[in-house]
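Over in TrEMBL, the protein carries these features:
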type	residues	note
REGION	1-32	region 'Disordered'
DOMAIN	93-521	domain 'Major facilitator superfamily (MFS) profile'
TRANSMEM	127-147	transmembrane segment
TRANSMEM	159-178	transmembrane segment
TRANSMEM	217-238	transmembrane segment
TRANSMEM	244-265	transmembrane segment
TRANSMEM	326-345	transmembrane segment
TRANSMEM	384-402	transmembrane segment
TRANSMEM	411-427	transmembrane segment
TRANSMEM	499-518	transmembrane segment
Amino acid sequence: MKPRRVGMARGYEEMDGANVPRPPGTTSTMGVDSTTAAAAANPSQVAPAPGGTMLAGAAPEFELASVSVVPDDTYTVTQAVNALGFGWFQVKLSLCVGLCWMADSMEMTILSVLGPALHCDWGISRYQQALVTTVVFLGMMLSSTFWGHLSDRYGRKPALTLCGVLLFLYGLLSSVAPSFGWLLLLRGLVGFAIGCVPQSVTLYAEFLPTKQRAKCVVLLDCFWALGACFEVALALAVTPTLGWRWLLGLSAAPLFIFAIITPWLPESARYHVTSGQSDKALNTLEQIAKDNRRPMLLGRLVVEGPSGSRGSLKALLGSSLRRTTLLLWFIWMSCAFCYYGLVLMSTELFGGKNKTITDMGGGMPDDGMTIDCQPLATTDYMDLLWTTLAEFPGIFATIYVIERFGRKKTMALQFLFYAGCVLMITVTEVRVFLTIILFMARGVIAGLFQAAYVYTPEVYPTALRSVGVGGCSALARLGAMATPYIAQVLFQSSIWSAVTVYGIFAACASVACMLLPYETRGADLAH
């Protein structure tokens, strides 16, 4: 047996034969109907006529030397992933990617706690407090397209490995920052590393069957919600006694675990195919078949689409994708603006009940010689935990609605519901009702974020998927950069003005969702 050919499934081999010259002059009067039987009994007595018809007793010059059994059927990575289904392979990948998502959530949630802590400990101003949040998102915005290019050119796995190492390193160094300037620099570098996290969703989505893809990507938000809840609980246990430095250090623990397990992450089979590495793609698909206990497809693996524009940001604004890209950029920017704005406003609403005036003496000036220090009490952390738990029902509700009504309508309805919730904040000051309103708003905006993560990888072709998600993520960070100045600065002077801004953005984003040209429910990933 000869080795298996590149690009062929296992089980297809070349059969060795011999060149056997036929003696001339052999004739036969057998009819066409008896030819098949004669061929079956003695294949050497059958040869092709010039017109292609097999005639018994014909005298060919040579018998076929070797027979290459090459099936006519071909399949793509999408077809293979759908045929192999959801199984143990996807479960393992869910846990790995989920840990990355959880670590990202913790680094984001800590911003709502770190600002008030620094406000009391170092006496930083409201604008400096907002800057601590802004610099993280600035790093994320600047790095998103960088990580997109890196993962499209060198693979999703190397990018995520580097991301895990850098994120752990800068997160740990942030806990020992000697001054406000150093803290800003290190938190900016943390943001730079976090910019790669959306590529984990790209990797995850490329291994999911079409029927389960939306549900699984939305369920991935469970890890985000789990990370947010864990961070609030950790802040409750650590910050009042040990301070914010210990909180930053302990929050880097999941990043360390993720950095260790990244060598076991699979590389995207779609990336291997589009980059001309069919053998590696076949090995990955065979591993999926083995883990899921499914038979491997028979046939030849083919490329799903052209790879010439791979990694090209310019291609996102081509005639076929321009409208989709511009609308998605605005939707993602509004989504991040509203989500992180709600997180920061929640801390301001709960912490605002504990205002104390502190004489700074020779400390850092802030509106004269005093600051309105607002340390979070135990009840504040508990209320924050309750509102964070809202992400879980928001996830499951999104799973149901997104498959029933489609991606576009789901996102549009969620933006409108969010706008109504934030406007209700100005109606009551009763803490119980305020917590309920924030609970509903937090649930719907969390589900909306995941709906956007479902739609975006589906609407872009494989060659542009990573850079497409990266570009949307960059615009999302732009919205997140602006939101501290509304949720922390403007909110202090006028609650009504702040919530009106969020309501307007949410309403406009709802319209943008309905203007998207494609609905991807039930469709395969674009080639």
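The backbone N, Cα and C atoms fix where each Cβ goes, and this holds for glycine too.
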Quick one: find which recorded stretch in 127-147, 217-238, 244-265, 326-345 has the most Cβ pairs under 8 Å with the transmembrane segment (384-402). 217-238
Any chance the transmembrane segment (326-345) and the transmembrane segment (499-518) have 3 or more Cβ pairs under 8 A, given the pairs are 6 or more apart in sequence? yes
Please identify the stretch among 159-178, 244-265, 411-427, 499-518 with the greatest number of Cβ pairs below 8 Å relative to the transmembrane segment (217-238). 244-265
